[in-house]
Amino acid sequence: MNISYNWLKELIDLELSPQETAEKLTLIGLEVEEVTSHGNKLEGVVVGEVLDVNEHSNADRLVVCQVDIGTEEVQIVCGADNVAAGQKVPVATVGSALPPKNEGDDPFTIREAKLRGEESKGMICAEDELQLGDDHSGIMVLDEELKAGTPLYEAIDLYQDSIIEIEITPNRPDATCHLGVARDLAAALDLELNKPFSTEFDDQAPLNEIDIEIKAPEKCHRYVGKMVKDVTIEESPAWLKNKLEAIGVRPVNNVVDITNYVMFELGQPLHAFDADTIKGNKIAVKDFEEEITFETLDHVERKCSAGTLFICDAEEPVAIAGVMGGVDSEVSDSTTNVLIESAYFNPGDIRKTAKEQVLQSDSSYRFERGIDPQLQRIAAERAAELIANVANGQIVDACTDVHPQKTEATELPLRKSYVNKLLGTDFTTDEINSILNGLEFELLNQDDDVLTYKIPTFRPDLEREVDLIEEVGRLFDYNNIPTPEHGKFISPEPLTDWEQLVSQAKEVAKGMRFREIYSNSLMPDKDAKLLGELDNMIHTLNPISTDMTTLRPSLLYGFLTSVAYNFNRKVNQVRFFEIGNVFERSESGTYHKGIKEETNILFGLAGFKTIEHWKTEAEHYDVFDLKAPVRSFLQQLGVYQAITASANSNNRLCYTYDGTELGHLYEVDEEMREKYDFELPAFVAEFSLTKIHKARQKITQKGYEAVSKFPSFEFDFAVIVDRSVKAGTLLKSIEETAGESLKELDVFDVFEGESLGENKKSIAFRLSFLDKNKTLTIKDVEPIINKVLKVLEKEYSAKLRS
Amino acid sequence: MLDDIEALKKEIENYTISTEEELEAFRLEFLSRKGKIQSMFSRMSEVPNEQKAQVGKAMNEVKNFAQETFDAAQKKLEREETADLKATDDISLPAPPYAPGSFHPLTQTMEEMKNIFYRLGFSIADGPEVEDDFHNFTALNFPPNHPARDEQDTFFVRKDDDPDVDDLVMRTHTSPVQIRLMQKQEPPIRTIMPGRVYRNEAVSPKSYFLFHQVEALYIDTDVSIAELKETLISFVKLMFGKDVKYRLRPGFFPFTEPSLEMDIWWEPAHKKEGKWLEILGSGMVDPNVLKAVDIDPEKYTGFAWGMGVERIAMLRHQIDDIRVFYENDVRFLKQFN
């Protein structure tokens with residue numbers, strides 16, 4: 001909202017500059033967005049006397065003038081028809097700068113020039129060139145009495161102001177006007193608030209001319225009607241136009257301008273009707289059970305849903321209550337009698353209508369936030385007085401005040417001790433009282449610790465003791481509250497296991513040269529379909545776009561889109577990890593019934609492991625490039641030894657703990673890569689950190705074990721098996737059979753060839769045995785090997801390869 | 001004679017041997033049968049008897065010196081020969097690429113915040129991103145008609161006509177974690193809640209429909225604005241340097257009363273003028289919030305505050321488009337190695 005600095009100065013004796021005022025307002029909770037200057041002083045533009053006008057020898061349309069500008073006599077070439085000797089005119093002297101036509105452009109600087117051969121030192125200006133009006137029909141002719149050389153800003157009233165743009169928080173309806181802002185400043189700076197209007201009135205009989213009735217008292221709590229007769233509708237006087245223009249309001253005519261003026265002064269939206277257009281001399285405030293079509297002032301036909309509140313005359317609606325008036329009843333040039341409407345409408349109803357119509361007027365903006373329910377009569381009388389004044393009208397003494405729902409000022413107790421407890425201050429009762437009195441909170445009663453205040457109706461936001469404490473705090477300025485001299489020592493709690501796991505997982509991933517990515521948790525249905533049944537996933541009911549409908553059931557989508565994004569930009573070595581939440585339907589749910597939400601970690605490789613380099617050949621990643629760091633990851637988290645990895649197909653490995661699936665490792669298949677439009681191979685391992693966390697709590701971590709003083713004994717053998725037998729199965733069998741002295745087991749060769757027989761392969765194992773108490777020899781190991789070979793032969797028809 | 005021997009020694013000393021040819025020339029000149037050393041020995045007969053011992057010793061010395069010089073030069077040449085084997089035996093060749101792992105810039109900023117809070121004695125808590133109306137709005141004192149409850153602002157996951165079934169939303173802030181914590185833990189509570197939050201907003205350089213927050217909550221028997229202020233000041237000094245210029249001003253949030261915002265004075269390196277930038281919102285936990293979780297507001301008070309991780313990361317790295325955080329362009333990410 002725009003606040004005029006000049007206007008504020010009329011309400012309080014403000015000694016701060018506009019900038020200082022803005023700073024102060026921000027610090028008391030009326031946050032200033034920007035301070036801008038309005039109007040231009042037109043430095044260097046002076047009154048000139050035209051001494052002589054001659055024809056230009058080389059141009060029909062130009063004349064050559066001799067002009068007295070006070071300090072000297074200069075020659076100026078001018079193109080206007082209306083220039084004549086003896087006139088007093090505004091002259092922009094050489095070196096002066098005129099305001100630019102378009103905001104943001106550079107100002108136009110006047111220089112000495114030759115125009116078609118004639119010298120010209122300055123410029124005689126038209127109204128629009130000085131931005132004093134729109135007139136470009138000719139030069140501006142000034143009062144004859146003015147003295148040549150007088151600066152223009154002294155000769156005529158050049159209006160200047162500073163405009164302070166405030167962002168009003170929704171809890172401060174009182175600050176949507178100059179009076180409210182001035183009140184806050186007065187309280188903060190300890191100044192008197194000058195109110196240039198009356199607040200006390202005699203009771204008046206209702207208007208004879210028009211009958212006013214409220215038929216929807218829930219939606220309209222009060223309706224004050226006041227009339228001014230025999231007005232002359234014309235352009236507003238300069239003082240009024242200047243004030244409105246400065247805050248960005250376009251002047252219309254004297255009556256409408258006054259209604260706006262009073263709204264920006266007091267915060268009460270007003271509407272002026274041409275009283276003679278009100279049919280049947282009757283105003284009814286009511287809503288309808290059906291949809292109503294209504295043409296508003298801005299000539300838009302609006303469909304208003306049932307229940308919208310209207311101001312109606314005896315026949316039809318004349319205004320959408322609180323939002324906008326209608327075409328037929330607006331004040332026009334021919335209006336002579338004006339009915340001023342000053343009402344209180346229920347904020348919720350106005351908000352609904354304004355939203356439905358996508359129409360936020362200055363008036364609905366205020367009604368929505370809740371205006372002062374005791375302001376209507378004051379504002380109506382204020383407007384009537386000003387209208388009578390600027391439009392030469394006659395105020396009708398009578399005043400209709402229909403007031404079915406009265407709002408009285410509330411009382412609030414405030415404990416001094418609680419103020420100090422919450423703010424950390426040491427205020428006395430007087431100090432608190434002086435701050436709150438400045439805001440027009442009347443101290444009703446003082447009882448030891450408890451102060452009871454009457455809360456004015458313009459502050460509907462103050463409902464509780466704590467709200468009053470905020471008033472004390474903000475006006476005192478939080479920056480002035482002392483910080484404690486001695487801080488408390490707090491013994492912190494240990495970090496949770498979960499937090500430790502997550503940060504460890506991140507560190508490990510980074511240490512293994514994975515780059516962390518953050519991807520979108522919302523994804524398109526069409527992509528979600530590739531990951532599983534849509535019915536098993538969670539969807540937003542009101543997505544921004546079809547691209548963001550489904551909550552990710554896994555981190556795969558984010559990885560694939562990021563891979564594609566980078567491949568498209570010629571970055572084809574990708575090594576990513578991500579930690580994030582994933583969602584799917586489940587009967588029981590994690591936090592909420594029906595919704596499973598877990599934290600996953602994804603490791604992904606795509607494209608080239610090595611590039612063409614003098615040292616290496618270009619080589620794609622393969623699945624073992626991922627399986628190795630995944631093993632390391634699980635080892636570092638201390639869960640590897642308890643996890644079983646089994647291949648349920650040739651390109652998918654499933655990691656389980658005690659029957660629970662913890663994660664998968666696989667190659668992204670060609671079909672999927674095609675959907676994301678890339679060809680290079682990609683590998684993914686995704687684990688549920690939530691499940692790893694649960695598993696880790698059950699797995700006993702191995703303690704320290706002294707290193708054996710004896711060397712280990714290594715033994716190699718190879719077996720020939722059917723190609724269908726998985727290495728993993730054999731490894732598991734060897735491990736189980738060999739017993740405790742087997743410390744390490746690995747595969748050092750895999751071979752297939754015709755020499756082995758059809759559909760056969762050879763796998764060579766290296767076993768490493770170790771005993772704590774002695775050096776092992778072949779005698780110790782041989783029986784174990786024999787046992788292993790027997791089992792392998794029995795279970796998998798494995799033949800020892802000699 | 002002794003002078004001649006000395007001169008010969010000088011001659012050997014000054015002989016440069018850097019090629020095989022020079023090495024052979026050296027041998028012929030000094031060490032061969034017809035070489036200078038041998039001819040020196042043949043002049044022994046000219047030496048008077050009383051000097052024979054002395055001259056003989058000097059001659060032997062020079063002979064040994066010549067032989068040593070030859071051997072050393074020969075070894076050096078051999079070494080050079082083997083050292084000059086392959087073009088790839090060049091240590092100045094570039095090593096193959098070995099890209100480091102990295103944390104996302106948002107993780108980096110968030111970790112820094114967490115570490116500061118750990119130093120200030122806070123612990124950490126988390127909660128779900130899909131949240132019910134009670135935790136996300138009602139318990140946090142949002143009035144029923146608050147605009148945040150509107151579909152324009154919040155993603156809904158479940159809406160049910162049955163008033164007993166709570167609506168589910170994508171949480172709009174991490175504050176519901178405060179509610180969850182206060183529901184299960186007795187004060188004192190001194191905890192932060194970092195996490196991902198969602199707003200139904202159009203995507204632009206300035207806004208994204210998801211972002212990250214870090215919130216802090218402190219509830220105890222004797223917590224006031226003064227403690228809040230002290231914690232805020234400690235935080236900004238640790239985050240932005242101890243000379244940071246800051247100010248507090250009133251704010252407005254449903255869940256705190258009084259509410260405050262904090263600005264810091266920011267002078268970007270490439271711009272002339274500095275300005276106040278809002279970095280966080282805070283306040284004393286509203287009594288209605290405490291009541292919603294059965295904490296007695298007469299006994300306990302507390303403060304809460306929250307800030308956007310993206311906003312602060314953008315500030316620190318002078319990033320002007322929030323969307324780059326979610327594109328995962330390696331060329332962007334690797335700047336934060």
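Cβ atoms are placed via backbone N, Cα and C, with glycine included.
According to TrEMBL, the feature domain 'TRNA-binding' maps to A:39-153. The domain 'B5' annotation in TrEMBL covers A:407-483. Under the heading Mg(2+) binding site, TrEMBL lists A:Asp461, A:Asp467, A:Glu470, A:Glu471. Residues or ranges marked as domain 'FDX-ACB' by TrEMBL: A:708-801.
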Next item on the list: For the domain 'FDX-ACB' (A:708-801), give the DSSP counts of helix residues, strand residues and coil residues.
Entry: 34 helix, 33 strand, 27 coil
Item checked: Candidate with sparsest Cβ neighbourhood (10 Å radius) among A:Asp461, A:Glu470, the listed binding-site residues -> A:Asp461
Notebook entry, point to check: Of A:Asp467, A:Glu471, the binding-site residues given in the record, which has the fewest other CB atoms within 10 A of its CB?
Noted result: A:Asp467
Next item on the list: Provide the three-state secondary structure of A:Asp461 (Mg(2+) binding site) computed with DSSP.
Entry: coil
Next item on the list: Can you check how the pLDDT averages out over the domain 'B5' (A:407-483)?
Entry: 94
